[in-house]
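*Asks:* One structure, pasted below without further comment.
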């Protein structure tokens, strides 16, 4: 599987056994100004995340691109 991976946000081949791509997003103090924080990576399983953290898992090549947000102003 090939997944987008941060910080470079480029598609990379995942290590053996990690066949899922996931996009994890969450807010910090500057969320309303800068938008959500984003982590893109490979995984063996879709992780369980704490409250207020969003995660999307998928299993096809390059299926988890960097999310786009509406302009916040």
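Each Cβ is built from the backbone N, Cα and C atoms, and glycine gets one as well.
I grabbed these lines from Swiss-Prot:
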type	residues	note
DISULFID	3-21	disulfide bond
DISULFID	14-42	disulfide bond
DISULFID	27-31	disulfide bond
DISULFID	46-57	disulfide bond
DISULFID	58-63	disulfide bond
*Asks:* Identify which of the disulfide-bonded residues 42, 57 has its Cβ surrounded by the largest number of other Cβ atoms within 10 Å, counting every protein chain shown.
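*Replies:* Highest number of other Cβ atoms within 10 Å: 42.
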*Asks:* Given a 10 Å Cβ-Cβ cut-off, pick out the one of the disulfide-bonded residues 21, 27, 31, 58, 63 that has the most other Cβ atoms nearby.
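*Replies:* The largest 10 Å Cβ neighbour count belongs to 21.
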*Asks:* Using C-alpha atoms only, work out the spacing between residue 27 (disulfide bond) and residue 63 (disulfide bond) and round it to an integer in Å.
*Replies:* 23
*Asks:* Have a look at the disulfide-bonded residues 3, 14, 31 and say which one has the shortest Cα distance to residue 63 (disulfide bond).
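*Replies:* Result: the closest of the disulfide-bonded residues to residue 63 (disulfide bond) is 3.
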*Asks:* Of 14, 21, 31, 46, which disulfide-bonded residues come within 10 Å of residue 58 (disulfide bond), going by C-alpha to C-alpha distance?
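*Replies:* Those near residue 58 (disulfide bond) - Cα within 10 Å - are 21, 46, in sequence order.
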*Asks:* Using C-alpha positions only, work out which of the disulfide-bonded residues 3, 14, 21, 31, 42 is nearest to residue 57 (disulfide bond).
*Replies:* 21
*Asks:* Which disulfide-bonded residues from the set 14, 31, 42, 46 come within 10 angstroms of residue 3 (disulfide bond), judged by C-alpha positions?
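*Replies:* Of everything listed, what lies within 10 Å of residue 3 (disulfide bond) (Cα to Cα) is 14, 42.
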*Asks:* Measure from the Cα of residue 21 (disulfide bond) to the Cα of every one of the disulfide-bonded residues 14, 31, 42, 46, then give the nearest.
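*Replies:* So, of the listed disulfide-bonded residues, the one sitting closest to residue 21 (disulfide bond) is 42.
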*Asks:* I'm trying to understand the geometry here, so how far is the Cα atom of residue 14 (disulfide bond) from the Cα atom of residue 46 (disulfide bond), in Å to the nearest whole number?
*Replies:* 14
*Asks:* Taking just the CA atoms, what is the gap between residue 42 (disulfide bond) and residue 31 (disulfide bond) in Å?
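*Replies:* The Cα atom of residue 42 (disulfide bond) is 25 Å away from the Cα atom of residue 31 (disulfide bond).
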*Asks:* If you count, for each of the disulfide-bonded residues 3, 14, 46, the other Cβ atoms lying within 10 Å of its Cβ, which residue has the minimum?
*Replies:* 46
*Asks:* To the nearest whole angstrom, state the Cα distance for the pair residue 31 (disulfide bond) and residue 46 (disulfide bond).
*Replies:* 24
